[in-house]
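Participant: Before I ask anything, let me first share the structure, which is written out below as structure tokens.
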Amino acid sequence: MRQSIQQNTTLLAMLNRLNIWQIVRYLMVGLCAAFTHAVMAFVLFRLVLIDATLSNFGGFLSGAVVSYLGSYYFTFRRTDGHQRSLPRFALVWLIGIAINLGLFKTLLIRFGVPFEINVGLAIVLTPIAQYLMLRFWAFKK
């Protein structure tokens, strides 16, 4: 029994050291932001009858707001004001878009990676890069 408690304590300590809970919170915020993006884009396109590209952009912006607020308050638990975090977050998002598009185009054109695999790689790798930039720069304490 004592060994089991000690192993559980060790596992929790390791998870805390690796910031696993922060990563889980980041994933939850990302899912909420993606859902917000999709719903807003759908509403703008289907109900408000705005152009498809503008609808998607509106969805993207609404998702970015959810992502920022979720990252600020929930993922990184900041309380020191937005004047430093918000511009950095915006820059990280722009870099993320550039990484996503650059990686996608390079893998597709230069290496002939099939579309579906390429999209999957972009979806996985971009948030990893963004998380690292947010954690170690935009929301650094």
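Glycine is treated like the rest: Cβ placed from N, Cα and C.
Annotation source TrEMBL lists domain 'GtrA/DPMS transmembrane' at 25-139. Annotation comment: TrEMBL describes 23-45, 57-76, 88-111, 117-138 as transmembrane segment.
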Participant: Hey, does the transmembrane segment (88-111) touch the transmembrane segment (23-45), meaning at least 3 C-beta pairs closer than 8 angstroms, sequence gap 6 or more?
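Facilitator: No, the stretches stay apart by this measure.
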Participant: What parts of the chain pack near the transmembrane segment (117-138), using Cβ distances under 8 Å and only residues at least 6 beyond its ends?
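Facilitator: Residues packing against the transmembrane segment (117-138) from afar: 19, 22-23, 26, 30, 71, 75-76, 85, 88-89, 91-93, 95-96, 99-100, 103-104, 107-108.
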